[in-house]
Amino acid sequence: MMISRQLVLTYLYLLIYVCLSSGVILFNKWVLSPKYFKFPFPITLTMIHMAFSGVVTFFLVRVFKVVAPVKMTFQIYATCVIPISAFFASSLWFGNTAYLYISVAFIQMLKALMPVATFIMAVLCGTDKLRWDLFLNMVLVSVGVVVSSYGEIHFNIIGTLYQVTGIFAEALRLVLTQVLLQKKGLTLNPITSLYYIAPCSFIFLFVPWFLLEKPEMDVSQIQFNYWIFFFNAVAAFALNISIFLVIGRTGAVTIRVAGVLKDWILIALSTIIFPESIITSLNIIGYAVALSGVVMYNYLKMKDVRANQLPADNAPDRATKDKKISNIYKPDNFMDSNDETTVGSLASEGAGVDEEAPLIPSSRLSYVTRTQTGSFNSR
């Protein structure tokens with residue numbers, strides 16, 4: 001009976017994640033679209049999200065102490081959090097701006113390029129090696145996206161460039177997080193990530209907002225419904241909580257599989273909610289080809305993770321026991337060589353990254369979730 005209850009909770013969390021992830025994307029499109037809510041200011045919307053997330057996470061971390069803050073020094077903040085926040089803000093800015101020009105369905109198809117962008121950035125930054133098996137998968141993904149783009153009826157070069165730029169900004173943020181934070185032994189879950197990154201991202205977004213959107217904003221003509229923006233920010237923040245819960249109960253691989261399912265559901269829903277979004281057979285064929293490359297890429301990366309963990313599993317019994325004993329007394333922010341390898345491999349996949357979610361899927365996140373926030377997960 002206990003096992004079935006846990007299984008039901010796991011599937012419930014997965015369902016909540018899929019619904020929230022799809023809902024945030026459709027909600028953002030509806031708010032930003034000039035045909036619907038008519039608020040064509042993506043930077044302003046992103047700043048509202050960051051401000052709301054910063055305030056809520058402050059109360060969760062400092063007041064209610066749902067999660068414990070990491071040991072953050074000024075040097076780590078200046079050399080790690082600030083550059084990561086800059087690219088996080090950029091990825092949200094460009095990604096949300098794309099909603100003004102292209103459909104949700106086409107945006108989801110372009111997001112299949114995420115592993116390609118992350119792989120390229122990881123190779124350039126020296127955190128991954130150029131391998132022919134991975135390279136061929138990246139070619140397959142790219143070909144699928146090109147075919148899907150060719151089949152797009154309402155293709156818009158500006159919107160496509162915004163989305164692709166946002167993807168590469170997010171990929172660079174993923175790699176920087178691995179290089180800068182993980183090398184220092186810091187593991188951030190979605191709540192602590194937003195606690196440190198959201199305020200800094202808000203400041204970075206203020207500059208382009210002041211230069212690009214503020215001069216265009218006419219307060220008398222703006223349809224500013226406080227409840228709409230409040231619920232939009234709540235949905236974006238709730239998405240982070242759902243990722244927190246899902247990975248705590250399952251793992252990064254499961255959430256990636258759920259992400260693939262979510263993408264197909266989202267593409268179908270977007271054509272119903274936004275009738276102007278038309279899907280062609282070339283769109284479907286190209287996206288299917290791209291997804292097959294993404295799935296194979298994730299399989300190869302997970303295979304590498306298991307291979308890297310094999311030596312530890314085959315160690316002598318005495319060493320294994322010693323390691324188990326030592327693990328009991330590890331501090332929460334400790335990371336051994338196997339953990340770091342796992343984090344690097346999973347981070348370099350770059351698939352399944354959602355809007356407003358500054359999360360690096362980590363093999364230690366399940367451990368952190370169950371130890372630091374056991375009471376939070378059970379709510």
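All residue numbers here begin at 1 and follow the chain in the order shown.
A Cβ is built for glycine as well, from the same backbone N, Cα and C atoms used for every other residue.
Residues or ranges marked as domain 'Sugar phosphate transporter' in TrEMBL: 12-298. Across all of the domain 'Sugar phosphate transporter' (12-298), the predicted model scores a mean pLDDT of 90.
Per TrEMBL, transmembrane segment is recorded for 7-27 (among others). If you look at the transmembrane segment (7-27), the same-chain residues 6 or more away from its ends with a CB under 8 A from one of its CBs are 104, 107-108, 231-232, 235-236, 238-239, 242-243, 245-246, 249-250, 254-255, 258-259, 261-262, 265-266, 269-270, 273, 354-356.
Among the features that TrEMBL reports, transmembrane segment is placed at 39-64 (among others).
If you look at the transmembrane segment (76-94), the same-chain residues 6 or more away from its ends with a CB under 8 A from one of its CBs are 42-43, 46, 49-50, 162-163, 165-167, 169-170, 172-173, 176-177, 180-181, 184, 186, 196-197, 200-202, 204-205, 208, 355-356, 358. Look at TrEMBL and you will find 76-94 (among others) tagged as transmembrane segment.
The transmembrane segment feature in TrEMBL is assigned to 100-122 (among others). Within the chain carrying the transmembrane segment (100-122), a Cβ under 8 angstroms from the stretch's Cβ atoms is held by residues 25-26, 29, 32-34, 40, 42, 128, 134, 137-138, 141-142, 144-145, 148-149, 152, 154-156, 158-160, 162-164, 167-168, 170-172, 174-175, 178, 263, 266-267, 270-271, 274, 276-279, 283, 286-287, 290-291, 293-294, 297-298, 347-351, 353, all 6 or more beyond its ends.
The annotation transmembrane segment is assigned in TrEMBL to 134-151 (among others). Residues of the same chain lying 6 or more positions beyond the ends of the transmembrane segment (134-151) and with a Cβ under 8 Å from any Cβ of it are 106, 109-110, 112-113, 115-116, 119-120, 160, 280-283, 285-294, 296-297, 300-301.
Marked as transmembrane segment by TrEMBL: 157-181 (among others).
Positions annotated as transmembrane segment by TrEMBL: 193-212 (among others). Tertiary proximity for the transmembrane segment (193-212) is limited to same-chain residues at least six positions away from its ends with a CB under 8 Å from its CB atoms, namely 43-44, 46-47, 50-51, 53-54, 57-58, 60-61, 69, 72, 77, 81-82, 84-86, 88-90, 92-93, 237, 240, 358-359.
Among the features that TrEMBL reports, transmembrane segment is placed at 224-246 (among others).
The transmembrane segment feature in TrEMBL is assigned to 253-274 (among others).
Look at TrEMBL and you will find 280-300 (among others) tagged as transmembrane segment.
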As a test: from 157-181, 224-246, 253-274, 280-300, pick the stretch that has the greatest number of Cβ pairs under 8 Å with the transmembrane segment (39-64).
224-246
Residue list, the transmembrane segment (280-300) vs rest of chain: Cβ under 8 Å, 6 or more residues beyond ends.
105-106, 108-109, 112-113, 115, 119, 133-134, 137-153, 253, 256, 260, 263, 267, 349, 351
